[in-house]
Amino acid sequence: METIPATGLLGASWLLIALPLAGAAVLLLGGRRTDRWGHLLATGTVTAAFVIGLLCTFQLGGLDEPSASVDLFTFIQTGNLDVEAGLLFDPLSAVFVLLITGVGALIHVYSIGYMAHDPGRRRFFAYLNLFVAAMLLLVLGNSYVALYVGWEGVGLASYLLIAFWYTRPAAATAAKKAFIMNRVGDVGLALAIFIMFAQLGTTSYAGVFGEVGLLAGGTVTALGLLLLLGACGKSGQFPLQAWLPDAMEGPTPVSALIHAATMVTAGVYLIARSAPVFDETPTARTVVLVVGAVTLMIGAIVGCAYDDIKKVLAYSTVSQIGYMFLAVGLGPVGYAAGIAHLLAHGFFKAGLFLGAGSVMHAMHDQVDMRRYGGLAKKLPVTFATFGLGYLALIGFPFLSGYWTKDAIIEAAFDRGGTSGWLLGGVAVLGAGLTAFYMTRLVLMTFFGRARWEDGVHPHESPPVMTAPMVVLAIGSVAAGFLIVEAFPLTEWLEPVFGEPEEAAHVVAPLTVSIGLTVVMLLGVAAAWLFVGRREVPTTAPARVSPVVVAARRALYADTVNESLFMRPGMWLTRALVWLDNRGVDGVVNGTAAALGGSSSRLGRAQTGFVRSYALGMLGGAVLIAGALLAVTTA
Amino acid sequence: MNISNYLVLAAILFTIGAVGVLVRRNAIVVFMCVELMLNSVNLTLVTFARTTGTVDGQVIAFFVMVVAAAEVVVGLAIIMGVYRTRRSASVDDVNLLKY
């Protein structure tokens, strides 16, 4: 695919990043003066970015070669490394730009209502804008270095947003945890970029993809695995998934933005963007597959056990991103399917998070689903939009999730052989579990007897909050059909990923669809049996099976991290501190003390008695004379 | 002439002088003992000068005498000063310049 210099509006696509960044700058530097209109500015800049993104995408669609580059300036020029800051607007970045700015704008609108009474609202909007700008840089950059700048910007913004209520210890801890676990992944990405520089001397996509085939097999595999490590950190994939649910400590719109539409999808973007690298290394691709499959199961299992509405949604995100990793790990057949699921997921998961925020808004920030119940009548709009998002997520026929998840599972079966059956089986099982825990969530929240605490009077959220939810719900319903059937995303992405291979159809598509629907219905039925049919207790039952205990502890992810990494790390630092205090300081201080002590003792020899000095001199003279004698006679 | 006799005598004189410097308290006596040591050295110098048949040692001996005379002038002045203020000529009484 040829990349042509951008013309017209595409040439101004840097505005996409500049607008939200300027918004963040105005809000952060303007201080209190911007309190009254800051949120409007922030929302305006993101909406404008969406409009520009839309127009750019239309222009891109009209080009013969749908790939436009914008050269901005020389970013780094040192030795034989030359990094030109530039943007690459191609079908893949276009999809992400639309998702980020579109869902981002809706979340901004929602936040106006959700954060209306928060004294730090201006700060919140500044961070949101910063986040959107960083994310856009991430997907628009034309080199790995540009991507890395955006990557770190997203990490910073997520840290600031998760710790937005920084006076809460839980929020501060969660932000630190997210930041540190992200850094672990970022080391992988950074090392991958170093390898590119050392081996290829370039970090631009065009340069790397053009020459990656010339590298030794082991180097490419290392490159792929390091990129995957980076992707795992950002996307909350196994084994770096533990930060994502904790990050729910941030305000709910943040959860919707970070955990549905933008940040966690960055890992999928990275792997999809690096497709030419992964094409060269089947090993790394297999690891991507395994990571995806393992994570989708972990997310689904843990999602079944939590009572915190946002954490269930968070584990659902972990699980769904697992599907996307599974898809992109399948290679050329799966890339478009993974991106399609990502797009559809962006809609319905953002809608679900906003719905959860609306429920919390009504329930005085209560997040325990055991304290909900019977909210369907009190919150009709929330219920309707949430319900549509729910149906889209569990793969109800002809809604978004159905189309996109179906495509992934088909592709998994098409891999053929044992691994194909295994991966397909895991994906189908995951779909069943998804149906189970999401049905459980809906039943506990919207149905059954009201289990509210005294003094809670649920009320529907204001229109500024419900309107974005309605838009997202419409997206949840329609997006899947639109991007899979009506305007196939596969074709749109063809310039990036190449012609898709003819599907093998190991299992007939109709069989997959029907089978998936049956599994989904089984999940719903199981949820009805375990949750809907019975009375939900207001406190979680204490006597449960070991499986439930393990799931409630998030399959011991935190325990493992703590005992494998945190504790040894602390021991190591303590040992080093001890060594520093006793060893290094001891040597230095000991030398000083020895010199000081011996000098004060030697000082005692200065008695002031002339005769003792004379004795000293005599002794010295005798000594020297004796020595001379010994030397001369020897 | 056996030079070792002179040298032995010089060594004995030097030892007497050194012991005197170390054991006597009276500054005057200490001074005289110092003179004794200087003279024993002079004796050695003259002896070696005679042996080698040069005058170098004798010249140096004269220098030593001149320096010793000058030193005695200064030293006696100090002793006088000390005696005036302290009514004592003992070297052990003046140990102010200690640690």
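Just so you know, the numbers here start at 1 and follow the chain as drawn.
Cβ atoms here come from the backbone N, Cα and C positions, even for glycine.
TrEMBL does not curate its annotations; it predicts them automatically.
Long-range contacts of the transmembrane segment (A:6-28) within the same chain: residues 34, 38, 41-42, 44-46, 48-49, 52-53, 55-56, 59-60, 68-70, 72, 87, 89, 97, 101, 122-123, 125-127, 129-130, 132-133, 136-137, 140, each at least 6 residues beyond the stretch ends and with a Cβ under 8 Å from a Cβ of the stretch. Marked as transmembrane segment by TrEMBL: A:6-28 (among others).
Annotation comment: TrEMBL describes A:75-125 as domain 'NADH-Ubiquinone oxidoreductase (complex I) chain 5 N-terminal'.
The transmembrane segment annotation in TrEMBL covers A:92-112 (among others).
The annotation transmembrane segment is assigned in TrEMBL to A:124-141 (among others).
Annotated domain 'NADH:quinone oxidoreductase/Mrp antiporter transmembrane' per TrEMBL: A:143-427, in sequence order.
Here TrEMBL flags A:187-206 (among others) as transmembrane segment.
Same-chain residues lying 6+ beyond the ends of the transmembrane segment (A:212-233) with a Cβ under 8 Å from its Cβ atoms: 151, 181-192, 195-196, 199-200, 239-240, 266-268, 270-271, 274, 276-278, 280-281, 283-285, 287-288, 291, 325. According to TrEMBL, the feature transmembrane segment maps to A:212-233 (among others).
As annotated by TrEMBL, transmembrane segment applies to A:254-272 (among others).
Per TrEMBL, the feature transmembrane segment maps to A:284-305 (among others).
Among the features that TrEMBL reports, transmembrane segment is placed at A:312-333 (among others).
Annotation comment: TrEMBL describes A:381-400 (among others) as transmembrane segment. Residues 316, 320, 344-345, 347-349, 351-352, 354-356, 358-359, 362, 375, 406, 431, 434-435, 438-439, 441-442, 445-446, 460-461, 466, 469-470, 472-473, 475-481, 513, 516-517, 520, 523-524 of the same chain lie 6+ residues outside the transmembrane segment (A:381-400) yet bring a C-beta within less than 8 angstroms of a C-beta in it.
Sequence-distant contacts of the transmembrane segment (A:420-443) (same chain, six or more residues past either end, CB-CB distance under 8 Å): 289, 293, 296-297, 300-301, 303-304, 309, 312-313, 315-316, 319-320, 322-323, 326, 330, 369, 386-387, 390, 393-395, 405, 408-409, 412-414, 506-507, 515-516, 519-524, 526-528, 530-532, 536. Annotated transmembrane segment per TrEMBL: A:420-443 (among others), in sequence order.
Taken from TrEMBL, the feature transmembrane segment covers A:507-531 (among others).
Here TrEMBL flags A:610-631 (among others) as transmembrane segment.
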Stretch with greatest number of CB pairs under 8 Å, the transmembrane segment (A:124-141) reference, A:92-112, A:284-305, A:312-333, A:507-531 candidates: A:92-112
Long-range neighbours of the transmembrane segment (A:92-112), counting only residues six or more past its ends (CB under 8 A): 16, 39-40, 42-43, 46-47, 49-50, 53-54, 56-57, 60, 124-125, 128, 132, 135-136, 139-140, 251, 253, 256-257, 260-262, 265, 269, 272-273, 339, 342-343, 346-347, 350, 354, 357, 464-465, 467-469, 471-472, 489, 492-493, 496
Residue distribution over DSSP helix, strand and coil in the domain 'NADH-Ubiquinone oxidoreductase (complex I) chain 5 N-terminal' (A:75-125): 29 helix, 13 strand, 9 coil
